[in-house]
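S.K.: A single structure is presented below for examination.
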Amino acid sequence: MVQRTRWRYSAIAHNYNSCRPMELGAGIAVGAWDGVWARARSAEFVAATDMGDPVYSAFMRYDDSAPLHAAVAADWATYVAADFNGGPFKYSIFPILYSFTASLVVTMGLTVIVFFNVRTKPHRGVPKLLRVAAVLACGNLLTFVVRAMMQLGRDHAEGVVPMNHILDMLWTDTAFNTVDILAVLILQLCQVQTVMRFFTRFQEKRLISLCGILLAVLSQVLWAIPPYSEAVSNHFMPLDDDKDMDVLPPFVYLVRIAQAGSYASFVLMHVFAKKKLCVQSVQMFLLTVLTVVVVVLQPAFFITDVTNVWIDNLSEIFSTTCYMGSTVIVWEWSNRLSILEARRQAQSILGRPVYEDEEQGYNFARYALKIQTALTSKSDEGDTTSATTFAAPRSARFEGKGGPQSPVYVQEGEQQAVMAFNKRMGTRALAHHVLDSIIYYTDKVVVKGLGNLSASLPSKTSSATSVRGRVRKRIGLEGANDVFVYRTKDLVFDSDEDIPRT
């Protein structure tokens with residue numbers, strides 16, 4: 001059997017006499033065609049082997065068939081009864097075929113879910129990455145299964161059913177390893193985006209994005225070094241006398257276990273935090289249970305991979321399937337959970353929480369002024385006289401995709417909202433801006449208690465400052481620096497007994 005990773009176990013040498021040339025002595029050699037035979041004084045027989053191990057014979061045997069050679073029968077009995085590196089004989093070619101086909105069916109099912117069930121809005125990037133990773137993983141696994149079946153067909157035509165040849169195809173195929181590493185990298189990046197959705201503050205999302213992307217790229221680069229080194233040198237490096245590469249595979253495997261455990265911890269933490277929404281319906285409850293199973297299965301598989309050598313033989317296929325399942329199912333669960341959470345926030349009084357770092361870029365100010373401008377321009381088209389409407393506010397409805405929304409009150413007489421943002425100013429304009437700011441804050445702090453505000457110096461930025469002041473007033477930021485002094489006062493109310501009765 002092919003030994004790939006010496007750090008997992010020590011290779012045990014098995015010497016089978018039937019796998020070496022055997023001297024048969026004198027006899028008659030019968031050909032494959034009728035009537036073709038020859039008498040031989042001595043003959044040497046070389047049996048077909050599976051990289052040094054006996055192979056399972058695909059020839060039909062009957063009661064009157066010639067018995068096997070004594071050495072062949074003894075070695076085959078030893079091979080079937082032994083429990084060595086590859087496990088007992090039950091871990092032979094047929095369970096491996098079942099594993100290949102089962103992984104292929106699961107991967108194809110997840111690919112169908114990605115293309116037909118995963119929403120592309122409001123997160124457009126992750127669904128596209130999921131589709132690319134699903135196509136790569138499914139196509140790569142399908143190509144390998146077809147090649148394995150064709151190789152088994154050729155071996156069966158020769159009367160043997162080997163196992164190590166198929167595993168050797170899995171380990172030494174550079175194209176398969178390249179596509180697999182790329183697919184797993186994309187799936188890990190999608191997992192980073194999934195974890196980012198669990199947090200609301202931008203600073204937390206940036207930190208998770210930075211650390212997650214660096215870990216994903218680093219782990220995949222380190223994971224790709226051993227197989228590509230083996231492909232370049234045309235041999236399995238960890239089995240040579242050079243033991244420098246023995247330290248890298250276990251380290252990378254520990255990194256993968258840590259990544260899978262961290263991802264599962266984040267998902268389980270979010271399940272616990274949103275437990276009321278997770279059990280809101282039967283469908284959501286079942287999807288939550290499936291999510292917990294797939295995220296726990298991934299680190300459990302890596303740990304089992306270390307302890308069970310037979311699973312190590314198929315780790316490249318199993319790990320890709322586990323990565324795909326833990327990414328696609330968790331993303332779909334997160335989509336449905338976000339819909340339920342948005343619906344609950346829309347029905348509540350406070351709505352969704354808004355943090356200070358979300359104000360970068362004036363997102364909420366842009367949205368508020370956009371709505372106000374649309375309402376003001378729409379109402380001005382139907383008004384013929386404005387002099388009689390300056391005193392009272394009016395209400396207008398905003399028509400959206402979901403029908404008429406609640407009325408928004410706009411004060412008549414105000415000028416149309418114009419958004420003014422900080423732009424790069426020249427040296428002269430910057431000097432005027434600094435001087436105006438000094439005078440403004442001096443008026444606020446010193447002169448406000450003595451009289452009217454002093455007039456600002458004329459400058460080219462006075463109009464921009466006034467426009468910016470109107471914008472701050474409309475969005476409720478004009479009183480941010482005001483200081484108010486209060487004092488308490490006792491109020492005495494008449495009791496019911498003091499009220500005269502008639």
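Cβ atoms here come from the backbone N, Cα and C positions, even for glycine.
These numbers come from a predicted model, not from an experiment.
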S.K.: When the topology given in Swiss-Prot is taken at face value, are His123 and Met196 found on one and the same side of the membrane?
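M.R.: Swiss-Prot topology: His123, Met196 on one side of the membrane.
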S.K.: Give the one range among 166-186, 251-271, 284-304 whose Cβ atoms make the most pairs under 8 Å with those of the transmembrane segment (132-152).
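M.R.: When the Cβ pairs under 8 Å are tallied, 166-186 comes out ahead.
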S.K.: For the transmembrane segment (96-116) and the transmembrane segment (314-331), decide whether they are in contact, meaning at least 3 CB pairs lie under 8 A, counting pairs 6 or more apart in sequence.
M.R.: yes
S.K.: Give residue numbers and ranges for long-range contacts of the transmembrane segment (314-331): same chain, 6 or more residues beyond its ends, CB-CB under 8 A.
M.R.: 96, 99-100, 103, 106-107, 110, 113-114, 118, 126, 130, 133-134, 137, 140-141, 144, 170-171, 176-177, 180, 183-184, 187-188, 190-191, 194, 256, 260, 263, 267, 287, 290-291, 294-295, 297-298, 301-302, 305
S.K.: Quick test of the contact rule: Cβ under 8 Å, at least six residues beyond the ends. What residues does that give for the transmembrane segment (251-271)?
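M.R.: Contacts with the transmembrane segment (251-271): 188, 191, 194-195, 198, 215-216, 218-219, 222-223, 278, 288, 291-292, 295-296, 298-299, 302-303, 305-306, 319, 326, 330.
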S.K.: If you run through the topological domain 'Cytoplasmic' (272-283) with DSSP, how many residues end up as helix, strand and coil?
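M.R.: Output for the topological domain 'Cytoplasmic' (272-283) reads 8 helix, 0 strand, 4 coil.
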